[in-house]
Amino acid sequence: MEPPEDGDLRLQDAAGGAGSVSYTQGGSSGECCVAFPGGGWLGRLSRELHWSFLLAVVAVYGGCQGVGDALNGVASGYYWKDVQRVQPSAAQFYRGITGAPWIVKPLWGLLTDVVPMAGYRRRPYLVVAGVIGVASMLTLSLHHGLGIMAAVLALTAQSTGAAIADVTVDALVAQKSIRHPPLASDMQSMCGFSSSVGALIGFSISGLLVYSMGSQGALGLLAIPSALVFLAGILLKESPATDFDYTQVHKEFYRAVQSMGTTLKCPEVWRPCLYMYVSLNLSLDIQGGMFYWYTDPVAGLAFSEGFIGLIYSIGSVGSILGVLLYQSALKDYPFRSMLLWSQVLSSLAGMLDLVLVTRLNLKMGIPGYFFVVIDNTISQMVSQLKWLPLLVLSSKLCPSGIEGTFYALLMSIQNAGVLMSACWGGLLLHMLNVTRTEFSNLWIAVLIRNISRLVPLTLLFLIPQSDHGSMLLPVEMLEESESAEAVKAGSDNTGFSVLVTEDSSCLSSNVVVQNEGTKEFDAGTIDVELIPLMNKSRLTVDT
């Protein structure tokens, strides 16, 4: 291998998962050993990142979002249908309201980034999120006869706790993606895998729980995932901030907001953001109408609670397959190609709903219950193949210093798209007169939804051609943070063992590369100075 130029960094892979980093700087050169542990994808994450971080990922993505969202999806559907007895369009609207806390994720991100509690930046927010979730779901479960507004408030509070927990873990994932670009896809796959397995478990038990406890009692069990988030907050490894000046919080807020505005003006950032919002906005959500049709005993399929849970649980297997397919074969493809085919497949998969609603499956000799399982499994797999590249892309658009805040902003943009898709879907169902007992126009809603999913293809030019291992932000944007203030503020010390980047344009000033090995460094999330290398070199690593 040719000697690297000044400021260059190269990786030599060795047998057995070990490697070395060669570097030159100022005429001097050196080499340090880097251990890439065996055990594949999960084994590498468990050793490179602290176990408490993985526990937080499993608690939030697997427990709160996986099991929790699955149980909430089934139980709340029956709750609005059988307890509150509202129309499908109204149920769709109320679900949109309860998702509102996900729109203001930048607020939670700002708090986690600039306002430590008792000296900690992450742990207290997981604890608070857990408390909110437990309290709200126990209130909903134990108080019978709640009005619609009280029920909406309780479910919104639970959603708030989930959003705070999500943005806290997202901040950790984003900061680690910046420090460990080769692990960015692995971390997102870990998050997706945890969520999919959790959803499989949640859907598997949701129907039985709703049947045996009622929808209100089943919603009360959402307190358990929130309790796991509380536990993760207690156990998360984090060093307290030292000498933090709370009188300067307003300046930190101002600087974070200013940095967010500067970043959003960058074409490398606002163009993908626009595509994310439009693509999700135009994927009209008509699941409320489909759910009512699934369970209607006259005009629909008359599925029981247990079978509804079984359908979604088998569908979660498709979600897991999507994660594994992405991790094993697709994560190295360019973003634009991935999103092109995932958008097309999403529209084609939606056509299976059209076959089901028009009962063409019966003419093909396929029973409805069997076709629904196939439909849901394929749809879940395609959804993961569309969602994971968007998450990886988002993690690579976050500037150092405000990772949590900016990642939360990107997620809120996507959640705003999802919320609008629910509103448009509810309006579409209302306009087509799809009610609790009338479904004659449901096939039109399905067809319009499938066609609308193809419209974002006209905006694919907004997505970069880069692959998943590339650094997307300009080098000058990675130089804006200030290390001195980060040291004063006290960094969030989740342990990292080494920084090795694939398309490395910057290195943390806390990284000390020596011939004898590497030292651990503090991965602060506020104003961590990044020192750009004079030249960029593509590192070949197994991501």
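The backbone N, Cα and C atoms fix where each Cβ goes, glycine too.
In TrEMBL, the transmembrane segment annotation falls on 190-211 of the listed ranges 102-123, 190-211. Contact between the transmembrane segment (306-326) and the transmembrane segment (190-211) is present: at least three CB pairs lie under 8 Å, with pairs separated by 6 or more positions in sequence. Here the transmembrane segment (217-236) has Cβ contacts under 8 Å with residues 52-53, 55-56, 59-60, 63-64, 67-68, 71-72, 74-76, 79, 122-134, 137-138, 140-142, 155, 158, 161-162, 165, 206, 209-210, 494 of the same chain, all six or more residues outside its ends. Spatially, the transmembrane segment (405-430) is not adjacent to the transmembrane segment (125-142); fewer than three Cβ-Cβ distances between them are under 8 Å for residues at least 6 apart in sequence.
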